[in-house]
Amino acid sequence: MISPDYDDSTAFLGDWGPFQRTVFALLCLSMIPNGFTGLSMVFMGDTPAHRCLIPANRDSRFSKCCLDGWEYDTGTYISTIVSEWDLVCSDNWRAPLTTSLFFCGVLTGSVISGQMSDRFGRKKVLFVTMGIQTVFTFIQVFSPSWLIFCLLFFIVGMGQISNYVSGFVLGMEIFSPSIRDIYSTLGVCLFFSIGYMMLPLAAYFLRDWRMLLLVFTIPGIFCMLLWWFIPESPRWLLSQGRVVEAEAILRKAAQMNGVNAPDVIFPLNQVKHTSACASQMTHATLNIGYCALSLNTSSLHGNIYLNCFLSAAVEVPALIMAWLMLRRWPRRLCLSSTLSLGGLVLLFIQLIPQHMNYVAFSLVMLGKFGLSAAFSILYPATAELYPTVLRNTALGACSMASRVGSILAPYFIYLGGYYRSLPYILIGSVNILSGLLSILLPESLGSPLPETISHMQTVAG
């Protein structure tokens, strides 16, 4: 079977040579398109100020409201999908449904891509799904109706999560333990946040939703060119018994790093195992909070573009804190404390008077800070629990639970129309509960990545 000392067998490469730096940078760059694609509905699906359209030749006293359609304010947007297809009044339920359908696609992609990645490889799934995301985003620009837009958005969601998880797992399996923590926080998560911060900047200059989507396809095209520079995961190749290919990648890496590889890196006695992964409630509840807070920036007090940028920018210090915590603290303590922080401050919002908007806004940002840190801790903590032979399937199954939360998130926001603080009460409560439940998760601090099912982590204590 695969040696449990994979990290020892590849220690000759070093931790941070030219090979590792190149792969680190390229995988991080491939995450940028996910940041603005996943949250683009903040602007594409926003509802401009509007009123009933009454023709000049008709006496308004005898006109039924909205008999002739709607007239939209163009001061903030030239066009959104709401103004394009009149998703207001009795059709206002379609806007949150659009976001939920995107996350339904993300859920579907989580189920399919995990198994495909464990079967066909991390690299192939990474670039195939990256291509799906890019191509269907481009086709979406020409959507003739809301229904077609939603169908295409569903497919884009399938591609978006699939390439994110595959790229994340690929890096976790290539890098040494000392690099994994920084890769999972100040690597993929930070570059996702950079993409998120680019969203309000692009939306500020491109007020038409079709032009905004068109620009979003450009980074994806350049990322496809990284195929020739990003290798397959040697760990995955070993799990498939393809030892010669795994050693060839490591010998090329040794050449890049200027070190000599041993004559035999791995024994030729690899055995493949398969199993299943149970999803975790923590993934679902955390994503309810993260997605709801991210998508709700248009409803906060102040400028929507600045609010969206601050919502993205607050993730940067959160990721730095998460990285520092992962270096020293047990995974369970990291996750429990950040979830509880994010949930607790959101519960205080209901106590803030309505005229103190900036205090409420600050609490929302502090809540986003805590949940962003928890998000960047949860993925590496999960990846460290499962063996190479089913790691991507396991993360895909957990990501599927996350998307159940993402699908529900728009409707948490919708409840704010009935009671302003209700979304924050619900989000805060479920995340505090998740913080308590996360104490029951297995501990993986200081443990090597398991290679087979027999090496899987068990619950400590």
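Just so you know, glycine gets a Cβ as well, placed from its N, Cα and C.
Just so you know, TrEMBL annotations never went through curation; they're auto-generated.
The transmembrane segment feature in TrEMBL is assigned to 23-44, 125-156, 182-205, 212-230, 304-326, 333-352, 358-381, 393-415, 421-441. Positions annotated as domain 'Major facilitator superfamily (MFS) profile' by TrEMBL: 23-446.
Among residues of the same chain six or more beyond the transmembrane segment (182-205), those with a C-beta under 8 A of the stretch's C-beta atoms are 24, 27-29, 31-37, 39-40, 42-43, 164, 167-168, 171-172, 175, 212, 215-216, 219, 294, 304-306, 308-309, 311-313, 315-316, 319-320, 322-323, 326, 372, 375-377, 379-380, 383. Residues 35, 39, 42-43, 46, 76, 181-182, 184-186, 189-190, 193, 196-197, 199-201, 203-204, 293-294, 297-298, 334, 337-338, 361, 365, 368-370, 372-374, 376-377, 380 of the same chain, all 6+ positions outside the transmembrane segment (304-326), place their C-beta atoms under 8 angstroms from a C-beta of that stretch. A Cβ distance under 8 Å defines the sequence-distant neighbours of the transmembrane segment (393-415), meaning residues of its chain 6+ beyond its ends; these are 95-97, 99-100, 103-104, 106-107, 110-115, 117-118, 161, 165, 168-169, 276-281, 283-289, 291-292, 295-296, 299, 379, 382-383, 385-386, 422-423, 426-427. Within the chain carrying the transmembrane segment (333-352), a Cβ under 8 angstroms from the stretch's Cβ atoms is held by residues 282, 286, 289, 322, 325-326, 359-360, 363-364, 366-371, 373-374, 377-378, 381, 421, 424-425, 427-436, 438-439, 441, all 6 or more beyond its ends.
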